[in-house]
Amino acid sequence: MSDEDDIILAELDDEELVQQMFDDLYDGLKEEIEEGVNILLSRGWAPYDVLTKALVGGMTIVGADFRDGILFVPEVLLAANAMKGGMFILKPLLAETGAPRVGKMVIGTVKGDIHDIGKNLVSMMMEGAGFEVVDLGINNAVDAYLEALEAEEPDILGMSALLTTTMPYMKVVIDTLVEQGKRDDYIVLVGGAPLNEEFGKAIGADAYCRDAAVAVETAKEWVGRKHNQMAG
Amino acid sequence: MTNALTKMLAERDWILADGATGTNLFNMGLMSGDAPELWNEQYPEKIKALYQSAVDAGSDLFLTNSFGGNASRLKLHNAQKRAHELSRMAAEIGRDVADSSGRTVIVAGSVGPTGDIMQPVGTLSHSDAVEIFHEQAEGLKAGGADVLWLETISAPEEYLAAAEAFKLADMLWVGTMSFDTAGRTMMGMTSAAMVEMVDKIDNSPLAFGANCGTGASDLLRTILGFSAQGSSTPIIAKGNAGIPKYVDGHIHYDGTPELMGQYACLARDCGAKIIGGCCGTMPEHLRAMRAALEGSSKSGSPSLEAIVAALGPFSSTGDGTEDNAPTARVTRRRRRIA
């Protein structure tokens, strides 16, 4: 244990540095995370390893504490911001090196609903877990979802609503997918303050996610299952 | 400074507030995504009917249709320049209804959150937030609101910005927060921390409390948390009529009038003085709440078990005020104080 001034990232060995990056993500320290990412890269780490071992590892801790009601939105936003600093460095390198993809998600708040704090949190946590996220923003009609699904070919469709009056629109989107025979092409996850598991089932979603951390866990589980099915 | 609400607070053991605004307006044909505040101009008779329904059901106080009537929310409907005007209209219609009721009914000018996250985490500056709230406060004041009613706030910074704005408008006010995340607000504030914050505000509110959130049980646990701090400021309880359920394409709150009657009495027993409903609370719920409050007297504070037995389980095991609440990771660089 040392005081703030005493930690010099470049002097830490790999294992200590990764541990320190977990701490720095937890504290939302963007510059320190960027420095940590650059140091690991300069030591010959593959970009994919920096992502999964340092950033995703750190965000997993943040996510667990968010899920357990220990951290709240402000801390998670700061951590996600720090993580984005690291991702900004890694993204082009990941593309160059053809690193494996965890999965891809198209996400948006449904038509009539203009709330996006929770949806943004899910986007950031999903990116923090290594997913590629296409964020459609607020107030999305069924066509906007369909176009994006067509263009992006994601594994997951995520829909968010804060209002009890807009949450039924999720069913409109799912029903349209069913009509067009596309429902089984995607994992459909739904979330938002007034929703619950019963509602998710009633409208035909694959799962309801209580918060951003649960969304990440659920996404990983379902994508894993989907890939296994395809392999089998 | 005294006014109708300070007088009522001094004279009465409890005050019945109103129920839902949104749920009622949607039943009147408001479409999801539309700004309810625009109805103050387009359909004033419907807004009047909404207020009147609360007054007829026995409410001593009702909130104006101005929850999203600030420039930041109205911007999403391209009506950002109309915050003052639409808020004034909301209060004017309310003033008429209250003045023709034949008894004292308080017009509380509803002020909801900006919807933006404040600096340093978010983008909204303190001075911009104060300006946004001030503009709406002046509109509500011009329309004849008795008090300002800040509600559904998550961030302490936003609560404080509104307090500052209401001082600029020279208006008395009350303010509630929404405790919907593991017993805390979305931004992590506990019931105990809110009392501590409220007690320090220079332009202190006439009453403070909780609204909306996750169901009536959780809300009462929050009220108990307020009471445990022993503040002398009156407490407000405005809980949802149960939990939203999806039935035949519509959202229905599962709390019956009878259950809300029980909730109202329990809220009083927990220490709340201003008692009302939030989402899903219709006039029939308000009638049952008034009858239940009139037909019984205050008893001792209920246990958490008694709340669960009457209103159903909590959404989280704790609310951050218990001694063994989980604490954050201790990091080397920036040590956290739990």
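Just so you know, glycine gets a Cβ as well, placed from its N, Cα and C.
No curator has checked TrEMBL annotations; they are predicted automatically.
Per TrEMBL, these features apply:
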{"type": "BINDING", "residues": "B:Cys212, B:Cys278, B:Cys279", "note": "Zn(2+) binding site"}
{"type": "DOMAIN", "residues": "B:3-293", "note": "domain 'Hcy-binding'"}
{"type": "REGION", "residues": "B:315-338", "note": "region 'Disordered'"}
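Cβ neighbour count for B:Cys279 (Zn(2+) binding site): 25 (other Cβ atoms within 10 Å of its Cβ, all protein chains included).
Using a cut-off of under 8 A between C-beta atoms, the binding-site residues B:Cys212, B:Cys278, B:Cys279 that neighbour chain A are B:Cys279.
Every protein chain considered, the tally of other Cβ atoms within 10 Å of the Cβ of B:Cys212 (Zn(2+) binding site) stands at 22. The local packing around B:Cys278 (Zn(2+) binding site), expressed as other Cβ atoms within 10 Å of its Cβ over all shown chains, amounts to 29. Regional average pLDDT for the domain 'Hcy-binding' (B:3-293) in the model is 95.
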